[in-house]
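Below: one structure, written as structure tokens.
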Amino acid sequence: MARARAGALLALWVLGAAAHPQCLDFRPPFRPTQPLRLCAQYSDFGCCDEGRDAELTRRFWALASRVDAAEWAACAGYARDLLCQECSPYAAHLYDAEDPFTPLRTVPGLCQDYCLDMWHKCRGLFRHLSTDQELWALEGNLARFCRYLSLDDTDYCFPYLLVNKNLNSNLGHVVADAKGCLQLCLEEVANGLRNPVAMVHARDGTHRFFVAEQVGLVWAYLPDRSRLGKPFLNISRVVLTSPWEGDERGFLGIAFHPSFQHNRRLYVYYSVGIRSSEWIRISEFRVSEDDENAVDHSSERIILEVKEPASNHNGGQLLFGDDGYLYIFTGDGGMAGDPFGTFGNAQNKSALLGKVLRIDVDRKERGLPYGIPPDNPFVGDPAAQPEVYALGVRNMWRCSFDRGDPSSGTGRGRLFCGDVGQNKFEEVDVVERGGNYGWRAREGFECYDRSLCANTSLNDLLPIFAYPHTVGKSVTGGYVYRGCEYPNLNGLYIFGDFMSGRLMSLQENPGTGQWQYSEICMGHGQTCEFPGLINNYYPYIISFGEDEAGELYFMSTGEPSATAPRGVVYKIIDASRRAPPGKCQIQPAQVKIRSRLIPFVPKEKFIPKTRSTPRPTARAPTRAPRRGRPTAAPPAPTPRPARPTQQPGSRRGGGRRRGRLNSASRAFRDGEVRLVRPAGLSSGSGRVEVFVGGRWGTVCDDSWNISGAAVVCRQLGFAYAVRAVKRAEFGQGGSLPILLDDVRCAGWERNLLECQHNGVGTHNCEHDEDAGVVCSHQNPDL
């Protein structure tokens, strides 16, 4: 397991600004399965399927029946525009649905020019489009009417959002930050677990999932994420482990038989003490005849036991392949450098340690409690154990079979493993029948034992990817995403590192066979601001898992001890695009419940974005692959902590400014503001700068709206805030630090420091997002 405690292709993701597409159901937009008729402009990507488009079409023609022909001829286009904004990928913004403190609009937010034009030509249409009587009452006052229909965040008003490059250039793609880090989100699924080492499903149509704790308990969860109060399996009395952090012994793996629905058999992998020695044991259990959510503990049948010469490198993965055989992944026996025998256990075909084993649990032969698949690569070799499928393994921690592309089946059956390294490198391998993965001759791409490495008969397969210990020190293998809910992630191999807490990904280029590395970070700004989503996780990434539908999860903990209930299961979410409604519906088979249910209560919270403390960067060395195997190395990734940590903003001095403001003329108070503007603008317009802690700095425009502008304008002696300005419209304050970000004001505050914000100096933006205001002594509605 992991060590002791120390913290297609690129077309699918693009660099971009922090736009926030969201539908009225508070979920990401999608690509409809059929073209839309009324709202055809949203056929490629939006918030309506064919059913909703048909309903809007009915409303459109019902509206036509209530308007005379001449008016309809002039106004039909406006009617279509307004009705179809429910289908916009930014519908939640257009209708103020993303703000729980404001009522949902009945008419989308309009840009001033469009509203003025429509008011002059078709204002009578609004009485048929909206039941809002406040809007009706303003119909005779053009300025107040259009003010009422405006948005605080003018970036999202219709129709300007259609041509806003920042909102449209990355639409529907996973956005990567400036360093190429893919921005994803998480959903908490289970918590309070003691080192959750595995999450599996039974392939029986119930869509239950089972989470194993290192201490020796397995819990059953229903599709609604409630947990059964009675453990599915409890062998904690015989499992060998301890409370000390980093103990690699314990309950390590579980796999359900492919025909579990009919034979009720499952298999477990755990550490056990036998006559003062340490062993790994693979056993078969059967589910109770009386309770399908509980194992019959008396049914244990020991399949295989292997003596461990040390307490670490115990392996622990069990998998069934499409061939129906059970794959067992053992470690090399522990200690440093695989010191056992002339070549170590991993290179010794007569040893079961340091191997991938493959057995047939459905038959027995040669006096064994299992059979040997006839095509195992070393059957008939007197110097080899017939169970051996692959060798040269140090300590593969978490492996998975690729389900294959949902449409073409491409990739199905590939076996991915993360193999934990010694002193320098971690690696990801694709395991093949008879393959030699190099340990202890090689660690990653580099030689470890130079005499073995020079042996021409080694014929080892290099990893598809390796990274140095400046990036992470204990790889946790993951899965190729093949689920239904997030199409952009299809084909992406997602894995992590236990020690550094880094999430990572690999994507194969089908044309070249090369693997492209991308780090995964938690979404910035509003990326993860959807109900139920979070943007942080505990740093010790223990394992990954799939549910029955193919959605992807990982397990991590804040305290890597087998007795500490700090473990959490997270679902990986792409907030940029989802599958069309109805496509991914499941109908779980019924399960009889005989114990109490414990409802799931999430504990983790969304953390507003912050600037992360940078970690060391590194590049893994590469070598020319053998036998045509593709290689990849991380392009100097900058790690990010799992939980964002606050860092003070830059202290680059602002000094005195040329022009209108002289900051040295008097003492300033914290929270005081000033406007800096290009020549020719009125005194009420400019970039907002705020004084805090003896220095001036700028305000980032994330969450910046008219309420924040009102606070600034009132401080400066203006009666009215006309506009909240974004995107450094009044120039960039590049010589100053960014002091405030995600400022959320109600409008009554005395200064910006009294508004909600991320903390002084805590931000994740650049000066091209400097906020500004337009203030006035005159009421803009008159």
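Every residue gets a Cβ built from N, Cα and C, even glycine.
Swiss-Prot records a disulfide bond between Cys584 and Cys484, which is the match among Cys484, Cys521, Cys528. Among Cys417, Cys447, the one Swiss-Prot lists as the disulfide partner of Cys399 is Cys417. Per Swiss-Prot, the residue annotated N-linked glycosylation site among Asn234, Asn705 is Asn234.
Nearest in space to Cys713 (disulfide bond), taking C-alpha to C-alpha distance over the recorded positions Asn234, Cys528, Cys765, is Cys765.
You'll find the Cα of Cys528 (disulfide bond) roughly 18 Å from the Cα of Cys700 (disulfide bond). Mean model confidence of the domain 'SRCR' (673-776) amounts to 90 (pLDDT, 0 to 100 scale). The Cβ of Cys484 has fewer other Cβ atoms within 10 Å than any other of the disulfide-bonded residues Cys484, Cys700, Cys713, Cys775.
The number of other Cβ atoms within 10 Å of the Cβ belonging to Cys185 (disulfide bond), over all protein chains shown, comes to 23. Ranking the recorded positions Asn234, Cys484, Cys700, Cys775 by the distance of their Cα atoms from the Cα of Cys745 (disulfide bond) places Cys700 first. Put simply, Cys521 is the one of the recorded positions Asn234, Cys521, Cys584 whose Cα lies nearest to the Cα of Cys185 (disulfide bond). Within 10 Å of the C-beta atom of Cys521 (disulfide bond) sit 26 other C-beta atoms, taking all shown protein chains into account.
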